[in-house]
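> Sharing the features that TrEMBL gives for it:
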- 29-49: transmembrane segment (TRANSMEM)
- 102-121: transmembrane segment (TRANSMEM)
- 127-145: transmembrane segment (TRANSMEM)
- 152-176: transmembrane segment (TRANSMEM)
- 212-232: transmembrane segment (TRANSMEM)
- 272-296: transmembrane segment (TRANSMEM)
- 316-334: transmembrane segment (TRANSMEM)
- 341-362: transmembrane segment (TRANSMEM)
- 368-391: transmembrane segment (TRANSMEM)
- 403-425: transmembrane segment (TRANSMEM)
Amino acid sequence: MATTSTEDERSLREDREAPRDRGLWRDLVAYWILGLCNNYGYVVMLTAAHDILKELGGGDHGDDGKSMMLDPFAGNSTLLRSGDPAAFAYEKRPCNKLSTGAILLADILPALSIKLVASFLPLWKHVRVAGCVSLAAAGFLLVAFATSDWVLFLGVICTSFSSGLGEATFLAYASYFNKNVISTWSSGTGGAGVIGSLSYTGLTAAGLSPKATMLVMLVVPALEACSFWVLLRHKDTSKDALVETADSAKQAIDYSTLPEDERPLENWRQKLGYIPSLFIFMIPLILVYLFEYFINQGMFELVYFPGISLSQSEQYRWYQVLYQVGVFISRSSVNIVHFRHVWVMALLQFINMVFFIFEAIYMFTPSIWIIFVLILWEGLLGGGGYVNTFYRMQIEVPEARREYAMMITSISDSVGIALAGIASIPSHNAICDLPVPARLQ
């Protein structure tokens, strides 16, 4: 249910009393574009890597297993008793023993590591964003011109570092802006999932080679740079925070007059000691991402409806698209409805995970349309958990500690995703070894 807490009422009252900011649209639009650009490369990189690998090998890499790693449905026809996919009588489950959870780990661990480091470093925003833009461009170039697998893998790592550094930096910097930039940032990151996948698919379907498509996508880091250095109105993060008074004059905050638990964190010991107080934000968000990515990377491949108009790989792609649509909708809706208790979303996501585990094992759902609706619901919960966590922090965390709190909490989604990748691999493989369910016989 939507919150009616004291913090929300105070926030609404402050919004009404604050002088009208006619340039606010610049910050809101800039943060939407920054969210889109920051997650864009992360969304498209694995699909592009698969295509480039095929070009490097001059085929599908069927002999060395690389295609099986990046395409979970390669070679499934060999599992059919008759060899005819239309017959869908399987001798064993049509799944790859190396799940996409392994790919997820390769793509998320660099982002997690850079977030951990960035949280304890000064917010040198211009240096950090220059690094984000450079790493994103390097990732596209390395993948486009890769002549060996390790160069391509380095491109994926660069993209992951760019995304992780960008999220930690932009969320921390958002603490100096109107709280609604969290809404537009979250909407932009949600839009990256939909726009990124559709743009790559559209460009390649139009006849561009994967290499040419990656080069076209260099416009994305350029757009990120323009949004940050041209459109966004910058704040001075080197001075004490300023507060608007009733007569619109800005006055510096005297932190010595504030309660002890609202003063700035001055050293590493204080910063480390402050982290447990952020668990109320971090743990629910970690759980939301753990459960949803366990579903996405461990169970999606195993939920298959034979004998319909969609092939197994097409069903998998539609699962991912519907998930991204759900994320985009919920990340864009916090100004319409927001929730204070993110742990409720974690509980609902856990119920989703249990359902998908049983569906992957027993395949009891009568129609793929039911699965489509549940995946959309899963995406709504995942995106809602993200945006409501940071929106709530903008309201509840003391201003002097908000920048650091945002950076630390930004690692939560990456921690959840990494744990999901670790857990999904053995779970996926265990289900692959189970007897064939009735739906596939």
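Cβ from N, Cα, C; glycine included.
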> Using a Cβ cut-off under 8 Å, which residues of the same chain at least 6 positions beyond either end of the transmembrane segment (272-296) come close to it?
104, 265, 319-320, 323, 342-343, 345-346, 349-350, 352-353, 356, 378-379, 381-382, 385-386, 389, 392-393, 401, 404-405, 408-409, 411-413, 415-417, 419-421, 423-424, 427
> Below 8 Å between Cβ atoms, which of the listed ranges 102-121, 152-176, 212-232, 341-362, 368-391 makes the most pairs with the transmembrane segment (127-145)?
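The listed stretch sharing the most Cβ pairs with the transmembrane segment (127-145) is 152-176.
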> Have the transmembrane segment (212-232) and the transmembrane segment (403-425) got at least three CB pairs under 8 Å, pairs 6 or more apart in sequence?
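Answer no: the transmembrane segment (212-232) and the transmembrane segment (403-425) share fewer than 3 Cβ pairs below 8 Å.
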> Pairs of Cβ atoms less than 8 Å apart decide it: which stretch in 102-121, 316-334, 341-362 has the most with the transmembrane segment (368-391)?
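The stretch with the most contacts is 316-334.
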> Could you give the residue numbers and ranges of same-chain residues that sit at least 6 residues beyond the transmembrane segment (403-425) on either side and whose C-beta is under 8 angstroms from one of its C-beta atoms?
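For the transmembrane segment (403-425), the sequence-distant neighbours (Cβ-Cβ under 8 Å, at least 6 residues beyond its ends) are 98-99, 101-102, 104-105, 108-109, 111-112, 115-116, 118-119, 123, 164, 167-169, 171-176, 237, 265, 271, 274-275, 278, 281-283, 285-294, 296-299, 386, 389-390, 393, 397.
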> Checking distant contacts: for the transmembrane segment (152-176), what same-chain residues at least six beyond its ends satisfy Cβ-Cβ under 8 A?
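Residues 31, 34-35, 38-39, 41-42, 45-46, 49, 52-53, 56, 106-115, 118-119, 123, 125, 128-129, 131-133, 135-136, 138-143, 146, 182, 185, 224, 235, 237, 241, 390, 394, 399, 402-407, 409-411, 414 contact the transmembrane segment (152-176) from elsewhere in the chain.
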